[in-house]
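According to TrEMBL, the transmembrane segment annotation covers B:6-27, B:34-54, B:60-82, B:94-115, B:145-164, B:191-210, B:242-260, B:266-287.
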Amino acid sequence: MTRNSRRLVSVLAAATIATSMAACGGDDDSDGGGGGGGGGGTAEDNEATGPGMTEDTVTIGSHYPLTGRAAPGYSEIPTGVQAYFDYVNANGGVYDRQIEWVYRDDGYNPTNTSTVVRELVLEEEVFAIMGGLGTPTHNAVLDFLNTEEVPDLFVSSGSSLWDDPENLPYTFGWQTDYESEGKIIGQYIAEEFPDAKVGLFLQDDDFGEDGERGVRQYLDDDQIVEVQTYTSGNIDVGPQIAALQASGADFVLGFNTPPYTALTQLAARDLNYTPQWWYSNVGSAPDLVGSLLGAFSQGAVSGASALAGIYTTSYIPTVDQVDDPWIQLFQRIWDESGQEGVLTNTRVYGMSMAYTMVQALQAAGRNPTGDDLVAAVEEAGADWQGPAFTPFRYSSDRHAGISGMSVVQFNAEGVGEPKTPLLVTDTGDAEIEEYDGEPIAPPESGIPDEEAVG
Amino acid sequence: MEQFISLTLGGVVNGSVYAAFALALVLIWRSTRIVNFAQGSMAAATTFIAVAVIDAGGSYWLALVVALLSGLVMGALIERVVIRPVEGGPELNAVIVTLGLFVAIQGIVALVAGVDERAFVPPFSTVGYEVREGFTLLSLSRNSIWTVGAVLVTMLALIALFRFTRLGLAMRASAFGQEVARLLGVRVGRMLTLGWALAAAVGALAGMLIAGDVSFIGPTFMDTLIVFGFVAAVLGGLDSPIGAVVGGLLLGLALNYVRGYLDDSLLGMAALVILVVVLLVRPGGLFSTTAARRA
């Protein structure tokens with residue numbers, strides 16, 4: 001039987017790959033349009049500089065869970081990226097190069113991540129990896145990418161692992177790190193709910209640990225009455241929620257992925273357990289959670305209002321902010337892209353990151369190597385403005401992304417209402433401060449215009 | 001004490017779900033001596049057929065009947081078309097074919113139904129009974145009683161089939177010695193087809209119960225349960241419906257205690273440790289019969 005189970009494991013892996021091929025059949029349709037448009041001066045000619053950077057194309061690769069337990073919501077991110085890159089390509093690309101976007105399904109399984117990222121680097125010969133999703137998954141390819149000297153930009157995870165320029169010179173974070181988020185959440189609860197008995201519900205890896213470390217900087221140990229963890233993939237969270245209920249916690253803070261937001265809400269309903277809920281940014285996908293939970297309430301709760309009253313945090317605009325100029329831009333780009341489905345927060349996330357990627361490619365100059373791209377992010381990244389509410393922390397000795405966020409509470413219509421101004425902080429014992437800058441509107445063209453560095 | 005009661009009841013519910021899956025494996029093993037690795041994706045396929053019925057406005061019970069019937073048809077078709085050519089050859093061939101089926105069926109489900117997760121609403125309420133103020137037994141709900149009950153009834157029906165009917169006897173005979181059975185006038189080919197059809201129907205039931213238990217399903221929703229179902233079946237000796245159910249319950253209890261008293265992340269390892277220990281002590285499984293009866 002042990003032989004059989006080993007066989008079984010490889011079959012499961014094969015199955016995931018097979019289904020993913022079915023799932024993302026259309027991911028590499030380049031628009032084919034000529035790149036003659038407004039690419040600026042032509043003092044130099046385009047040259048191929050190495051893998052993934054030809055005269056007229058630049059290939060960017062990534063890994064996402066497109067199938068399996070972690071896929072809901074996340075599988076939409078690359079379609080958002082695709083929409084934005086298509087838009088840039090239709091407007092001439094970057095330095096007259098079309099951006100080719102190739103992504104693979106890893107099913108949120110680190111073993112698969114290793115396989116597909118090796119494929120992307122060695123067979124597809126990508127110029128850079130962008131937005132590889134997940135802490136345990138991306139962790140499995142850090143050494144490989146840094147040994148191969150492939151730029152590993154903007155990992156889709158707020159773990160602090162990505163901010164280690166000395167050992168991982170090619171890897172950069174993008175979103176606000178979980179520890180900073182935990183600090184901002186912890187301070188808010190300490191100030192606004194000093195009497196709450198807080199229970200933590202954590203994914204049992206760096207995601208949960210980083211978040212908890214941040215929260216504990218501001219919440220006293222005796223205010224945190226219970227800590228429960230879950231392993232991604234185990235879908236029965238009933239025992240954990242029952243333990244939180246038994247502990248008397250009346251305020252539950254979750255550092256979990258979106259499907260677990262739905263699962264914990266269901267389990268709590270079955271237990272008649274009604275604490276105040278707070279899900280960190282990752283877990284608060286109202287459209288997804290609403291669609292999953294809606295079926296269980298026989299119409300009593302519809303769509304996004306399933307999360308009414310729940311707190312979360314926010315560092316880029318969300319689709320409920322219909323007046324936000326970034327959301328209006330992304331809505332237009334999404335509609336033009338002609339892909340199936342509506343604009344969701346996960347797609348906005350993908351488009352926002354793609355915007356940063358275009359900034360990086362512009363800053364890297366006309367004929368960059370991978371090292372030039374890395375240098376450009378280090379040199380210019382801290383000054384880039386875009387959809388993110390607060391600046392990046394990039395420099396030659398920091399590879400950390402967005403520096404802050406604000407606290408948000410969903411109202412009955414599922415719209416997030418800000419409860420704090422924009423707050424910026426950092427890992428460790430950095431203070432939490434109010435951000436004094438203003439969010440900026442997108443450029444008229446919808447495409448950034450960064451100067452080449454160096 | 002409250003935690004112990006919670007974990008025990010939860011273990012019984014989870015265990016009966018593993019048992020349902022193990023029953024389907026045992027059926028095929030009993031009737032054709034093949035370990036059917038495709039069981040999981042076959043059950044996923046019939047569950048998605050049921051989902052289509054529900055989406056079209058049908059009730060859960062209509063969907064359940066459709067799932068069971070489509071399981072019967074699918075099992076019979078697969079045996080006739082895919083398994084028959086490799087039957088009687090080396091055992092490994094048949095096993096490899098079922099592995100291929102596993103991947104192929106899962107791919108087809110993903111193509112037809114899409115890869116997005118979707119909600120699956122069980123037929124009964126999953127709200128736990130409140131034992132006393134502030135202590136709700138999550139695992140004791142009307143739906144969990146239905147789940148456990150459905151598995152027990154299925155087990156009893158299968159035992160009755162194999163023990164008390166001529167049909168069951170003929171099926172057993174066909175599995176143990178095809179030539180002898182044929183000489184005695186048993187239509188062996190039909191028995192094998194029937195065995196697969198029945199197994200797939202039981203698998204379809206397992207799929208429906210599991211879908212109700214996990215709340216959200218995608219084409220791969222059976223994957224995590226396949227391993228536990230196999231362990232349960234092997235624990236029970238692969239040959240006995242009672243063994244499958246007892247194996248499932250033991251596994252469910254053990255895993256729930258591991259989860260409750262140790263750690264969530266140890267589940268997979270705990271299942272394999274249990275398997276190794278049982279196989280070391282009783283290589284034929286807990287409910288193995290005498291070696292002479294093993295084909």
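Note that Cβ sites are derived from N, Cα and C of the backbone, with glycine treated the same way.
A TrEMBL annotation is a machine prediction, not a hand-curated record.
For the transmembrane segment (B:6-27), the neighbouring stretch richest in Cβ pairs under 8 Å, chosen from B:60-82, B:94-115, B:145-164, B:191-210, B:266-287, is B:191-210. The stretches the transmembrane segment (B:191-210) and the transmembrane segment (B:266-287) are not in mutual contact, being linked by fewer than three Cβ pairs under 8 Å (pairs 6 or more apart in sequence). Long-range contacts of the transmembrane segment (B:34-54) within the same chain: residues 21, 24-25, 28, 60, 62-64, 66-68, 70-71, 74-75, 78, 83, 87, 91, 94-95, 98-99, 101-103, 105-106, 108-109, 112-113, 118, 120, 199-200, 203-204, 206-208, 210-211, 217, 219-223, 225-226, 229, 238, each at least 6 residues beyond the stretch ends and with a Cβ under 8 Å from a Cβ of the stretch. Within the chain carrying the transmembrane segment (B:242-260), a Cβ under 8 angstroms from the stretch's Cβ atoms is held by residues 3, 6-8, 10-23, 25-26, 151-152, 155, 159, 228-229, 231-236, 266-267, 270-271, 274, 285-287, all 6 or more beyond its ends. The list of residues near the transmembrane segment (B:60-82) in space but at least 6 beyond its ends in sequence, with Cβ under 8 angstroms from a Cβ of it, reads 32, 38, 42-43, 45-47, 49-51, 53-54, 97, 101, 121-123, 192-205, 207-208.
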